[in-house]
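**Q** According to Swiss-Prot:
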COILED    177-202  coiled coil
COMPBIAS  187-202  compositional bias 'Basic and acidic residues'
COMPBIAS  265-283  compositional bias 'Basic and acidic residues'
COMPBIAS  407-430  compositional bias 'Basic and acidic residues'
COMPBIAS  456-466  compositional bias 'Acidic residues'
DOMAIN    128-146  domain 'LRRCT'
DOMAIN    305-406  domain 'CS'
REGION    187-210  region 'Disordered'
REGION    265-291  region 'Disordered'
REGION    398-472  region 'Disordered'
REPEAT    20-44  repeat 'LRR 1'
REPEAT    46-65  repeat 'LRR 2'
REPEAT    66-89  repeat 'LRR 3'
REPEAT    90-110  repeat 'LRR 4'
Amino acid sequence: MGRITEDLIRRNAEHNDCVIFSLEELSLHQQEIERLEHIDKWCRDLKILYLQNNLIGKIENVSKLKKLEYLNLALNNIEKIENLEGCEGLTKLDLTVNFIGELSSVKTLQGNIHLKELFLMGNPCADFDGYRQFVVATLQQLKWLDGKEIERSERIQALQNLPVVEQRIREQEKAYCLKRAKDKEEAQRKLEEEESKGEMGRSHTGSGGHWHADLSATLPSFEESKDYIQAPEIEEGQCKGKEFDDREDDLEFWNKPSLYTPESRLETLRHMEKQRRDQERLSEKKKKVKPPRMLVTEDGRALNVNEPKLDFTLKDDEKRNQIVLDLAVYRYMDTSLIDVDVQPTYVRVMVKGKPFQLILPAEVKPDSSFAKRSQTTGHLVVCMPKVGEVIIGCQRTSKPVKSTPDSSKEQTSKSQQMERLEVDPSKRSIPDVANIVQEKKHMPRRVCAEPKIIPSEEDPDFEDNPEVPPLI
């Protein structure tokens, strides 16, 4: 049974920021509501109310909606127009396709002086002889009836024939009430028959269940050990048999002819609810429970697990003597949903309850490890120092040598020349014995005579000028 709750109204009040006390428009159609309640207390400022395609059997609890202008109750189980006198601002009322057989109940709308439009098509009263004339004459404030404008001449004729038309309407109402009483009795009888059939079926299945229990008690012990293998097959067969029976019952229900009455609509709703519950029950049985993820074997060996299916990179930083894990965690995920646990031989990261575990290539120090998260990519970086320290010598840095264009040319020319294995005699390391004693003695530089300047014989026109000092 669908009920009007505060949560239901709030979910349909998103256009008003889920505030219900100031709502002016509310739509509760197709919610399987069977009773009107709470709306007049929670939403007193309503102007438009949609309640079509439900199972409402009576108009009630709307008398406090003074500002209500449009009320839609089409496709419901309403049999009488009532309790609308308090809706002072009502201008449009839609009661299409209901079960209104008491046409005289429209007299309760005479106090709604602002009512301009009324829809009663699809109701049993709309088939009465003189239906339109009676409504037009009774509700003189109406401008439209069933989408057709009421003309002045039509109202004058209806008022003239009102006593005769009213008498005919009363006779047809009595005939409809008798027919309706028979329909109710027939529906009650069918309901009792179905309940008795259901009780018989339950008792039959209960006896069958006891028989299976007795049979299982007489089985040998070695069969009991195989019970866990046979049970799923038996259960699957029972589920299939139940599905087949339910399918047959469903076909029988939908193929069975029935009258269009409020009881038949309620019966259809109950049948659909039962189908939905059975389907949910079967789906729960078929649903396989996942076994818990094994992270460590029985012998204490850790396993590699990546249940969240995240990309990762594991680097061995020899320079800093540590292992770095870069885990591609979702960028906009809250850090509180991540839990890191570093062990000497493996690292475990819980991402939203899903484990990521990786075995490390070397033993690390859990106390010295740390984790940080990138603010740009959201990746999680875990740095884990190794246990064994490695001493690495510092490498001398070579000074940069400036290169000149001449040196580069010399290097290219040297590379182009052919290198031979002959040794230059001037670069020998063996001393020259012949030149140990010098024959000529070197005179001091001051004692040495100045060289004479001899004019060049090659130039015949040379004339020596004594005034010019020698160029030494």
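Backbone N, Cα and C define each Cβ position, glycine as well.
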**Q** Could you pull out which residues elsewhere in the chain have a CB under 8 Å from any CB of the repeat 'LRR 1' (20-44), counting only those six or more residues past its ends?
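**A** For the repeat 'LRR 1' (20-44), the list is 1-6, 8-10, 12-13, 50-67, 72, 269.
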**Q** What residues elsewhere in the chain lie close to the domain 'LRRCT' (128-146), defined as a C-beta under 8 angstroms and at least 6 residues from its ends?
**A** 103, 106-107, 109-110, 112-121, 154-155, 157-159, 161-162, 164-166, 168-169, 172-173
**Q** Count up the helix, strand and coil residues in the repeat 'LRR 2' (46-65) according to DSSP, in that order.
**A** 0 helix, 3 strand, 17 coil
**Q** Work out, from DSSP, the number of helix, strand and coil residues along the domain 'CS' (305-406).
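**A** For that range the per-state counts are 5 helix, 43 strand, 54 coil.
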**Q** By DSSP assignment, list the helix, strand and coil residue numbers for the domain 'LRRCT' (128-146), in that order.
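**A** With helix first, then strand, then coil, the domain 'LRRCT' (128-146) has 8 helix, 2 strand, 9 coil.
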